[in-house]
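Working notes, structure below.
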Amino acid sequence: MAPRWKWKGAEAKALAEPVSETVLELQSSFAQTVASGFLSSCNVLLSVEPEQADLLDRCCFGRPVVSVEKDKRWIQLSFEEAFFLFYKLKCVKISLHGCSLENEVDLWRSMSSFKPNFAISYKAYSHLRSKNWIVRSGLQYGVDFVVYRHHPSLVHSEYAVLVQSISGIDRLKVWSDIHCSVRLTGSVAKTLLVLYVNGIVKTENMNLPLCLEDYIVEEQTIRRWSPELSREDKTRT
């Protein structure tokens, strides 16, 4: 499926401003002024400067929260987004109940206590982000994530992503599950992408971010079969 750009000139703009370069710009900016976030049971609320809020938007991290403050912006981050900014990009600081979580182990354990499948979900999220895909929540489509080639203001999302693991619930256990998922994603012009996150996690790494190294991600796209694509151009007589 080819990218569906939202307006004329969007593709040229995307090529001129690669996601990877914008992320590097974000890292550089936040290295000078590290932003602080507050961890709750379902997300992280990040306080940033207006310029930093603009960079987060360009990289598609989080969603803005309406506030009357003029010199500060508030951004709501998912656990996956917040940990990626903290652990991978080293851009933010995060606290819980007023106490700063000084290292990735403390943050990892806190997030895992609120979200039991956090390790699997974050592995899938970071896998896609490492390939410079823009990753957003797929809740409205009944999947875990949707991914964009560039900023959502420029292009429509191409893939609806389901994350599967041996230890989790198999949401594609029977044919009817697969059929429903493919029909739904196809009706909104997306391809179903299943990420299988599995691995043998070492006992000493089970409650640590190091467990991420023990997981392997396998990708599988599932499309609806169209009989017309298999027919010959000319019927034999």
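Note that Cβ sites are derived from N, Cα and C of the backbone, with glycine treated the same way.
Annotations in TrEMBL come from automatic prediction, not curation.
Per TrEMBL, these features apply:
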DOMAIN    36-106  domain 'tRNA intron endonuclease N-terminal'
DOMAIN    118-197  domain 'tRNA intron endonuclease catalytic'
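Secondary structure by DSSP for the domain 'tRNA intron endonuclease catalytic' (118-197): 28 helix, 22 strand, 30 coil. Looking just at the domain 'tRNA intron endonuclease catalytic' (118-197), the mean pLDDT is 93. As a summary of secondary structure, the domain 'tRNA intron endonuclease N-terminal' (36-106) carries 23 helix, 24 strand, 24 coil according to DSSP.
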